Amino acid sequence: MSNFWQQFPRPFFVLAPMADVTDMAFRQIICETGKPDVFYTEFVSCDGLCSEKGRPKLMLHLAFKKNERPIVAQFFGANPKNFYKCAQRAVELGFDGIDINMGCPAGKIVKHDCGAGLIRTPELAKEIIRETKRGAASAGRRMPVSIKTRIGYNKIITEEWISYLIEAEPDAIIIHGRTMKEMSKVPAHWDEIGKAGLLCRKAGIPVIGNGDVVSYAEGLEKAKQYDLDGIMVGRGIFRNPWIFNPSIDPATKTPQEKIELLKKHMGLFIELWGDPSTSSGQAKNFDVMKKFFKIYISGFDGAKELRTKLMQAKNEEEFTKILSE
Ligand SMILES: Cc1cc2nc3c(=O)[nH]c(=O)nc-3n(C[C@H](O)[C@H](O)[C@H](O)COP(=O)(O)O)c2cc1C
């Protein structure tokens, strides 16, 4: 299996992994509005995927379609053996890459040494990289293993931490320019991303910067200024779902076009996760879909009122009824 991280023209763009956002339904919409060079799944628990009970639901989080390639499966956990197993499974499922989450700051995650907690336990982090690489090399193929991380835990230790990760020879490093403690509360430290970039470049490891990028032009500028291979965009997609398609000005999109896109997204969401009003129920809460309403229902007269009404919907039927009214 080739290392796709090495193959794009520079700089390339990546849609950030976002829990309850970047599932197959949303990625299908983004394939239509403007596809990034790389997609990520939402993060998936390694321990959950390795348990009989957790697996069926988590497999839905790992669902993808061919038009989303190259796509990376992102995992979080703290058990190297389970990373080994999940990497093997990611190969079987046909992913193009696997990413280790070393950046999630949520208390319930770091408490168990997962996510950004691994910055505190560097030896465990290294063992996890080793086991993931071993699992990713199963079946005679070697799937690239990347790391998405931050610039420190309680304080900025960019050079120390990134140098340490480089020793484990990952295939790419994605740097979110904040510490765990900073959560998303301060502007990303792009100068620190630049420092990390320098180290990665010397080691021949592709480096992707992440934090607060809200437009394609800004991404290009940051990549140039800090000499990076790629840019990862997270929340910027909420402001502009056409962000990866710089030829489109979202202001030119009509309300009807936006509403059609939302309807399509809703259909894909229900197809993937089920409808709360059916007997089989739903694998993801219907309310998760509501955080997307603002993406589509904004920038036109009456948008706010329509959104307020749509927020009352409890299932697809009610949603459709409100829209038709
Ligand atoms: C709703 C939400 C969910 C997120 N889920 C994940 C995740 O599953 N895995 C991950 O590595 N980062 C996750 N992140 C962090 C983003 O990938 C990204 O690093 C962060 O939002 C900073 O980039 P931005 O400023 O472009 O949004 C999440 C962020 C948001 C806002």
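Each Cβ is built from the backbone N, Cα and C atoms, and glycine gets one as well.
Annotated FMN-binding residues in TrEMBL are PRO17, MET18, ALA19, LYS148, HIS176, GLY234, ARG235, and among GLN74, GLN256, GLN282 the one listed with them is GLN74. The binding residues for FMN are recorded as PRO17, MET18, ALA19, GLN74, LYS148, HIS176, GLY234, ARG235; their greatest pairwise CA distance is 18 Å.
A distance of 9 Å separates the Cα atom of LYS148 (FMN binding site) from that of CYS104 (active site, proton donor). The C-beta environment of PRO17 (FMN binding site), restricted to residues of the same chain at least 6 apart in sequence and closer than 8 Å, consists of TYR40, THR41, GLU42, PHE43, VAL72, GLN74, ASP99, ASN101, LYS148.
Taking CA atoms as the reference points, CYS104 (active site, proton donor) and HIS176 (FMN binding site) are 10 Å apart. Mean pLDDT, taken over the domain 'DUS-like FMN-binding' (15-321), works out to 96 on the 0 to 100 scale.
According to DSSP, ALA19 (FMN binding site) sits in a coil region rather than a helix or strand.
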